[in-house]
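Input: a single structure, listed below in structure tokens.
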Amino acid sequence: MIHDPFFLIIFLLIIESAILWISKKPRFKKYFSFLPPVFWMYFLPMLASSAGLIDPKSGVYSRISTYLLPASLVLLLLSSDIKAIMKLGRPALLMMFAGSLGIMVGVPFVFFLMKPFVGGETWSGFGALSGSWIGGSANMIAVREALGTPDSVFSPMVVVDTVVPYVWMGILVTIANFQPVFDKWNRSDKKILHELQQKISGVEIGKFRGFKRDKILAIFMVAVSGVILSQLAGTFLPTVKDVLSPYSWAIIIASCFGILLSFTPLKKLENSRASRIGYFLLYFVLTSIGAKASIVNIGSTALLILAGFLIVLIHAIFLLAIARMIKAPMFLVAAASQANIGGVASAPIVAEIYQPGFASVGLLLAILGNILGTYFGILIGHICHLLS
């Protein structure tokens with residue numbers, strides 16, 4: 001068994017790097033179509049610790065989360081284009097908020113409904129899941145750390161967060177051909193898509209301009225500054241027992257810091273792949289979380305998957321209700337839903353399938369979800385805690 005912190009770090013880095021490298025190879029991509037790289041980055045370290053290859057109780061895992069999670073959040077939110085998101089207009093933003101509201105209502109309701117079967121102690125797991133289904137994997141990890149979700153609760157939620165979104169994406173893709181039928185029934189306003197096309201025509205996605213020493217140094221300084229600022233500020237803010245700790249505040253502050261920096265010239269660091277570095281740090285945090293978990297914890301997954309589908313059903317009802325009220329086209333229903341449940345990686349794909357040339361709409365809505373996911377996830381976790 002590996003006990004030494006240095007070799008544990010090397011072991012986790014090898015797992016992360018290998019998964020990222022293999023998943024990019026064309027011949028292996030099909031194997032990651034259902035179980036994405038994020039799942040394997042959690043599952044393989046968990047398998048290694050369960051098999052006795054690595055020490056599941058090493059203190060190095062908590063130090064990785066403490067310092068690298070705030071750094072990753074700063075770098076991921078640094079590239080947020082708030083102005084481009086606001087350009088999407090009222091219908092698109094309303095649909096995104098409707099989808100998020102469906103998750104915010106659905107998660108506490110389903111938790112209360114399923115509590116006798118899955119246990120009241122799963123409240124923090126439902127909070128972490130809501131962070132993912134409003135934003136993405138970064139939000140799920142951030143909320144998990146902020147709420148102190150036990151490994152026994154978090155492990156099944158990782159499976160739920162893998163199975164349910166991919167099934168839901170499959171449903172959305174399958175019903176794409178029914179757009180004319182839905183839009184006729186809904187009396188959808190055709191002007192919405194035309195206006196949306198005009199608004200996204202000027203949206204530009206940052207282009208990679210190579211790695212330069214000064215830019216890499218700037219990215220490093222921004223990340224370190226975010227960690228120091230968030231850790232210091234977190235110690236001065238009030239705590240709420242079992243919900244908000246100094247570390248919870250550190251995560252919230254790191255997220256705010258990243259968003260604030262997106263309004264400054266430092267946003268251009270995205271041209272040097274600041275978010276890529278942020279994702280690498282985030283995935284490393286995920287491997288360290290997996291290393292502490294046990295495969296035994298996945299036993300209650302079936303009921304939680306059912307709970308996940310119930311949450312998505314409520315989410316869909318909210319979307320359809322608002323779409324009916326504002327006469328939104330089916331495209332916005334699907335794009336907003338996938339931006340919530342799926343995230344940045346898959347929302348542009350679904351948007352492009354529904355309306356070719358509209359991938360950036362899905363991307364921008366998913367980025368909005370990333371901005372909001374951590375805050376709403378912590379709030380929902382607190383509500384679930386009150387219901388437990």
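The backbone N, Cα and C atoms fix where each Cβ goes, and this holds for glycine too.
Database features, via TrEMBL:
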type	residues	note
TRANSMEM	6-22	transmembrane segment
TRANSMEM	34-54	transmembrane segment
TRANSMEM	60-80	transmembrane segment
TRANSMEM	92-114	transmembrane segment
TRANSMEM	163-182	transmembrane segment
TRANSMEM	216-234	transmembrane segment
TRANSMEM	246-266	transmembrane segment
TRANSMEM	278-296	transmembrane segment
TRANSMEM	302-323	transmembrane segment
TRANSMEM	330-351	transmembrane segment
TRANSMEM	363-387	transmembrane segment
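If you look at the transmembrane segment (92-114) against the transmembrane segment (363-387), you find at least three C-beta pairs under 8 angstroms, all six or more positions apart, and that counts as contact. Put simply, of 163-182, 278-296, 302-323, 330-351, 363-387, the stretch with the most CB pairs closer than 8 A to the transmembrane segment (34-54) is 278-296.
Put simply, of 163-182, 302-323, 363-387, the stretch with the most CB pairs closer than 8 A to the transmembrane segment (330-351) is 163-182. The stretches the transmembrane segment (246-266) and the transmembrane segment (363-387) meet in space: the count of Cβ pairs below 8 angstroms, excluding pairs fewer than 6 apart in sequence, reaches at least three.
The stretches the transmembrane segment (278-296) and the transmembrane segment (363-387) are not in mutual contact, being linked by fewer than three Cβ pairs under 8 Å (pairs 6 or more apart in sequence).
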